[in-house]
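Notes follow the structure.
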Amino acid sequence: MAVRHFLTLLDLSPAELLEVLHRAIELKKMRAEGVVYEPFKGKVLGMIFEKSSTRTRVSFEAGMAQFGGSAIFLSPRDTQLGRGEPVEDSARVISRMVDIVMIRTFAHDIIERFAAHSRVPVINGLTDDHHPCQILADLQTFIEHRGDLKGKTFAWVGDGNNMCNSYIHAAHQLDFQLRIACPYGFEPDPEVLTQYKHCATLVKTAEDAVAGAHLIATDVWTSMGQEAEQSIRKRRFATYQVNPRLMDLASPDAIFMHCLPAHRGEEISEDMLDDPRAVVWDEAENRLHAQKALMEFLMR
Ligand code: CP
Ligand code: NVA
């Protein structure tokens, strides 16, 4: 059978995505009950990080250990990738030695090229264009707190970035509506918006996006790799802050998510994470469970 990768949310069918999400909820329960479940004894995860990470690294490494396997952390500083060894050659070599690979990198085509030359499943741990593992955790969190995704309205406020792109894919796959509010010039790719216009709508203001929505999500205004634009972004995004007053315009049962790390006083107010509608700590924890379910799915 062909090797399955997870480079975007489109790599799994809607039924497969739901299977992974429900398995994540089950694995979480098993862990809470102290069940020892080690299907990956002797298996190794290779983790290539070209950008910083707290949640992604810890969740993959801990998840692999809990499954009885192990993980290797690889950074460009101490591998030949950082000295110019081609991605294709690195993929051929690394995938002969490990059982599954996770990559966090810059251009999305780097992970596509790696996957094309890999013998084992490759998971996207974030690229400039997509962050599908985070969305798995977000969807699991929504299901746990509010049930079905189908027919719901989600609001994306802020940058039309990698997280926003993955939310667009999720809306398409799992049948919810996404309203997107970004400052002019920071919207998602217009071609993507046209392709997904059945499930994703660009609106003008943060208020337009959140009106009656069931989930409000945002992210940093300056993503990794965009540090030079930080001060201009701070000015341009000023009216796109999520705070309890903005949340009051959403559905009365709305919840708030942020993939973290968060910048209090920028994309969220100082008090937003203390608001009872914020579920960000559950969301962060679910990275662990969702990725364990994903690895189990890809390696079976
Ligand atoms: N949300 C997320 O991916 O966090 P890290 O950058 O810490 O991995
Ligand atoms: N959009 C952010 C997400 C960080 C988890 C970034 O790419 O830096």
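For all residues, glycine too, the Cβ spot is worked out from N, Cα and C.
Record features (TrEMBL):
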type	residues	note
DOMAIN	4-144	domain 'Aspartate/ornithine carbamoyltransferase carbamoyl-P binding'
BINDING	Ser53, Thr54, Arg55, Thr56, Gln80, Arg104, His131, Pro132, Cys133, Gln134, Cys259, Leu260, Arg287	carbamoyl phosphate binding site
DOMAIN	150-297	domain 'Aspartate/ornithine carbamoyltransferase Asp/Orn-binding'
BINDING	Asn162, Asp219, Ser223, Met224	L-ornithine binding site
Are there any residues at least 6 positions away along the chain from His131 (carbamoyl phosphate binding site) with a Cβ closer than 8 Å to its Cβ? List them or say none. Asn124, Asn162, Met163, Ser166, Cys259
Find, among the binding-site residues listed as Ser53, Gln80, the one whose Cβ has the highest number of other Cβ atoms within 10 Å in the structure shown. Ser53
Could you tally the C-beta atoms, other than its own, that fall within 10 angstroms of the C-beta of Asn162 (L-ornithine binding site)? 23
Looking only at the domain 'Aspartate/ornithine carbamoyltransferase carbamoyl-P binding' (4-144), how are its residues distributed among DSSP helix, strand and coil? 68 helix, 20 strand, 53 coil
As a test of the contact definition, list every same-chain residue at least 6 positions from Cys133 (carbamoyl phosphate binding site) whose Cβ is closer than 8 Å to its Cβ. Phe6, Thr56, Ile123, Asn124, Gly125, Leu126, Arg287, Ala290, Gln291, Leu294
Go through the binding-site residues Asn162, Asp219, Met224, Cys259, Arg287 and pull out the ones with a Cβ less than 6 angstroms from some atom of ligand 2. Asn162, Asp219, Met224, Cys259
Taking the recorded L-ornithine site as Asn162, Asp219, Ser223, Met224, identify the other residues of that chain whose CB atom sits within 8 Å of the mean position of the site's CB atoms, giving them in sequence order. Leu126, Asp128, His131, Asp159, Asn161, Met163, Val220, Gly225, Gln226
Hits among Arg55, Cys133, Asn162, Met224, Cys259, Arg287, i.e. binding-site residues with CB under 6 Å from ligand 1, come out as Arg55, Cys259
Using C-alpha atoms only, work out the spacing between Asp219 (L-ornithine binding site) and Gln80 (carbamoyl phosphate binding site) and round it to an integer in Å. 32
Of all the binding-site residues given, Arg55, Arg287, which has the fewest Cβ neighbours within 10 Å once its own Cβ is left out? Arg55
Work out the three-state DSSP category of Cys259 (carbamoyl phosphate binding site). coil
Restricting the comparison to the binding-site residues Ser53, Arg55, Gln80, which residue's C-alpha is spatially nearest the C-alpha of Ser223 (L-ornithine binding site)? Ser53
Counting by DSSP, what is the helix, strand and coil composition of the domain 'Aspartate/ornithine carbamoyltransferase Asp/Orn-binding' (150-297)? 62 helix, 26 strand, 60 coil
Integer Å distance between the CA atoms belonging to Arg55 (carbamoyl phosphate binding site) and Met224 (L-ornithine binding site): 15
